[in-house]
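See structure below.
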Amino acid sequence: MKRPLIVVLNGPNLNMLGLRQPDIYGHATLDDVEQVCIQAAERLDVAIDFRQTNGEGELVSWVQECRGRASGVVINPAAYGHTSIALLDALHAIECPVIEVHISNIHRREAFRHHSYVSQAACGVICGLGVRGYAHALQAMADIIEDEG
Ligand code: DQA
């Protein structure tokens, strides 16, 4: 049987992981995050498509492409989570389960990070668990896909 596809999307500045504010985001690079996801996907017997972009429009287009193609979306929208109604609208339009991930605990940080538009389209949100949050999100998404059966 074909393995379900989970698309893992990463927003702006996440290509700078490892260099960027390591006191907040840790020392893992985006390549390390991809490895965490690849290993989780193998364990869970799901396929993943892992991507990062700095562009809001590109992120919106990638979300749109998930419609009818992906069984689930795991997204770290980075700063666009706090600002982008376009991203929220795209996530509503694809009609597949969405889990939002943030490496840092956005609720312990500046007030402008406490609200995320993306959360309105997400069945769950994981934040503050570091890059391991991605593995937890993939586990949860695999469970949701299996339950939807
Ligand atoms: C982030 C949190 C956001 O507030 C921030 O803009 C990011 C990364 C996180 O993973 O902790 O770029 O999404």
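Backbone N, Cα and C atoms are what each Cβ position is placed from, and that goes for glycine too.
Neighbour count (other Cβ atoms within 10 Å of the Cβ, all protein chains): 12 for R20 (site 'Transition state stabilizer'). Annotation source TrEMBL lists site 'Transition state stabilizer' at R20.
There are 19 other CB atoms within 10 A of the CB of Y25 (active site, proton acceptor), with all protein chains counted. In the three-state DSSP scheme, Y25 (active site, proton acceptor) is classed as helix. Among the features that TrEMBL reports, active site, proton acceptor is placed at Y25.
Marked as substrate binding site by TrEMBL: N76, H82, D89, I103, S104, R113. Within 10 Å of the C-beta atom of D89 (substrate binding site) sit 14 other C-beta atoms, taking all shown protein chains into account. Secondary structure from DSSP puts D89 (substrate binding site) in a helix.
Marked as active site, proton donor by TrEMBL: H102. The Cβ of H102 (active site, proton donor) has 22 neighbouring Cβ atoms from other residues within 10 Å, across all protein chains displayed. According to its DSSP assignment, H102 (active site, proton donor) is in a strand.
Taking the C-alpha atom of N76 (substrate binding site) as reference, the shortest distance to any of the recorded positions R20, Y25, H102 belongs to H102.
In this structure, the binding-site residues N76, S104 were compared by how many other Cβ atoms lie within 10 Å of their Cβ, and the smallest count belongs to S104. Checked against Y25 (active site, proton acceptor) by C-alpha proximity, the binding-site residues H82, S104, R113 yield S104 as the nearest.
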